[in-house]
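Visitor: Take a look at the following structure, please.
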Amino acid sequence: MVNAGDMNGSGNLMDFLDEPFPDVGTYEDFHTIDWLREKSRDTDRHRKITSKSKESIWEFIKSLLDAWSGWVVMLLIGLLAGTLAGVIDLAVDWMTDLKEGVCLSAFWYSHEQCCWTSNETTFDDRDKCPQWQKWSELLVSQSEGASAYILNYFLYIMWALCFAFLAVSLVRVFAPYACGSGIPEIKTILSGFIIRGYLGKWTLLIKTVTLVLVVSSGLSLGKEGPLVHVACCCGNFFSSLFSKYSKNEGKRREVLSAAAAAGVSVAFGAPIGGVLFSLEEVSYYFPLKTLWRSFFAALVAAFTLRSINPFGNSRLVLFYVEYHTPWYMAELFPFILLGVFGGLWGTLFIRCNIAWCRRRKTTRLGKYPVLEVIVITAITAIIAYPNPYTRRSTSELISELFNDCGALESSQLCDYINDPNMTRPLDDIPDRPAGPGVYSAMWQLALALVFKIVITIFTFGMKIPSGLFIPSMAVGAMAGRMVGIGVEQLAYHHHDWIIFRNWCRPGADCVTPGLYAMVGAAACLGGVTRMTVSLVVIMFELTGGLEYIVPLMAAAVTSKWVADAFGKEGIYEAHIHLNGYPFLDVKDEFTHRTLATDVMRPRRGEAPLSVLTQDSMTVEDVETLIKETDYNGFPVVVSKDSERLIGFAQRRELILAIKNARQRQDGVVSNSIVYFTEDPPELPPNSPHPLKLRRILNLSPFTVTDHTPMETVVDIFRKLGLRQCLVTRSGRLLGIITKKDVLRHMAQMANQDPESIMFN
């Protein structure tokens, strides 16, 4: 037998794992992190820093730097996200106008900037100035007539196709992960899933460039969702500069939650809405510390964007409105109707879009992403150009629909018949009968609404960056504006009706159609995403309409109720399920009366569980077990006969430990005994050196008994973020339940295909 003295002499060799080796504690791609383990590692790191800080001034300064590193990361994220958002806004303005013409005095000016600098612009013709020329004026010196229209039409389509082709090519070649809105994947990543490269530097660069191209191409998509992805890429980049975050996946996700808040902050100019969006919609683990840091990141990002001033109006918000009339109780009825419309549109959109995306995944259509983008862009441009409400950028359209009709408005929507005897101040114009412009605008809006509803279903989910916030708001704003004009005309022509008599006298300014557009936009966005609190806050920050919070709340709640009646999933959850990401939604309820023994593996008739023993397997045995199975880890038991549980060893760490031992430790060969105990086992003389792997053993794996209700197990997986859970009876190992087993079981109980949750 090898005596204890000999063993102690080689103690340093056998305990080489007491010094961490490269890649230990990291995770492979498409695997779930262990939240409990990450939390424990961070606590150990913090304890070490605190004890060292008492040793010297230098260690104390290092501990202060460590404490402040979180705030530094937030500052950097806010600055970069704000700068990128400002650059994207300016570039989109210029490239959108480039489809229609060019500024001769400075080609990098958008239409609006070009005419600002002109001295020859009158107020009535503020969109016309000699410096800005349409392509027909520049190429054939004609601004009116059929030939000029056809040339402008043709060049509009060509520019749109050029932008879209460039965008889809860049995504396909350099960063396939830069497509889509990014929010479903960010939700999955924040729940603990690893998707390497999804938040990488290439993805950040390509998403920023292609976002400008696709929004400028006129496709029915927005930049708001992708800006959350861009901000999270910034968060991931700055996390990698600080070991506190780069070496701990749990801490990194706290930074990404705050980055998502900064993304919404710059997308809408809504810092508080951004924090609430991160809390309500995307984050899985959101401690109070992350709330403060999200608030700070959103503040810095909003301040940076305001400094750049991309909208040129010295305001942070995208659609600033100023209504001069309060809303009345009787108007709650049309507001709730708009909420119902929003819920129905949300349900229709989710079902049709998921059906189309599933078809794209399962048929030959998915093999031609470039062709699909080109065809959809061509259809969009051909149909959009003749209608002035679809030709302009969606943000401009929403801005016009939200606006109140003042005396200086030149929009068709404000073509009312004025009373020549009116002597009222300019900001208090009474309700008037609609003129021919309003009626033609209503027809154009109705056609634009149908077109937007249909084309957005096919656009969202293509292999280009595509957000859903702005198209959804546009659908709601168009429907809302039409309802608003209808109510306004009803109140004008029938002011003696009982519902109008109390609050709408002749000659009074009763109904604000722009407010209905705002409420409709909130309702449709709520119907698609199922947001409530964050949605209302984003809407009033976006428009500055704080006193209209009750109509917005009524519409948001109604749209959620109506949409939930047809299905609980919002668009992001639906795409998570479509892609098979292992996401355990906190909002899902599990009410079935099953037990852990019904879900655990191995089941009856299956091969027994693959386990490691604490001191009787050789290196070759362990390597064979790893080679023949694809499990992510193995329970460690006293022996195969007793099956008393000792702990759990991760597959990746076993591979790394054995590889490092072979390189760094003399005497470790294939028939060396592997042991997980504190003291080495007694071995015959001349045996090869044993290999101690106790350091990589998790001595406190989470266990449940075989009679634990699955309702409790699901709750444990959600709240503790577990990867796996061992099932025991009286300390004896029976089986294992992984996160995927839980998801499969939930799918089965909901009469869905249990294999549909596997990531593909």
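Note that Cβ sites are derived from N, Cα and C of the backbone, with glycine treated the same way.
Found this in TrEMBL, in case it helps:
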- 68-92: transmembrane segment (TRANSMEM)
- 153-175: transmembrane segment (TRANSMEM)
- 195-215: transmembrane segment (TRANSMEM)
- 227-243: transmembrane segment (TRANSMEM)
- 255-279: transmembrane segment (TRANSMEM)
- 332-356: transmembrane segment (TRANSMEM)
- 368-385: transmembrane segment (TRANSMEM)
- 441-461: transmembrane segment (TRANSMEM)
- 468-487: transmembrane segment (TRANSMEM)
- 515-540: transmembrane segment (TRANSMEM)
- 600-664: domain 'CBS' (DOMAIN)
- 697-755: domain 'CBS' (DOMAIN)
Visitor: Please tell me whether the transmembrane segment (441-461) and the transmembrane segment (332-356) touch - that is, whether there are at least 3 C-beta pairs under 8 Å between them, with each pair 6 or more apart in sequence.
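Guide: These two stretches do touch.
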Visitor: I'm a bit unsure how to read this: which one of 68-92, 227-243, 368-385, 468-487, 515-540 has the highest number of Cβ pairs shorter than 8 Å with the transmembrane segment (153-175)?
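Guide: The stretch I would name here is 368-385.
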Visitor: Do the transmembrane segment (255-279) and the transmembrane segment (332-356) come close, with at least three CB pairs under 8 A (pairs 6 or more apart in sequence)?
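Guide: No, the transmembrane segment (255-279) does not contact the transmembrane segment (332-356).
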Visitor: Report the listed stretch (227-243, 332-356, 368-385, 515-540) having the maximum count of Cβ pairs within less than 8 Å of the transmembrane segment (468-487).
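Guide: So the stretch in question is 515-540.
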Visitor: Taking every residue in the domain 'CBS' (600-664), what is their average pLDDT?
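Guide: Mean pLDDT, the domain 'CBS' (600-664): 89.
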Visitor: For the domain 'CBS' (697-755), how many residues does DSSP put in helix, in strand and in coil?
Guide: 24 helix, 19 strand, 16 coil
Visitor: Who are the chain neighbours of the transmembrane segment (368-385) in space, where the CB to CB distance is under 8 Å and they lie at least 6 residues beyond its ends?
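Guide: Same-chain contacts beyond the flanks: 153, 156-157, 160-161, 164-165, 167-169, 172, 217-220, 360, 391, 451, 455, 458-459, 462-464.
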Visitor: Write out how many residues of the domain 'CBS' (600-664) are helix, how many strand and how many coil, based on DSSP.
Guide: 24 helix, 17 strand, 24 coil
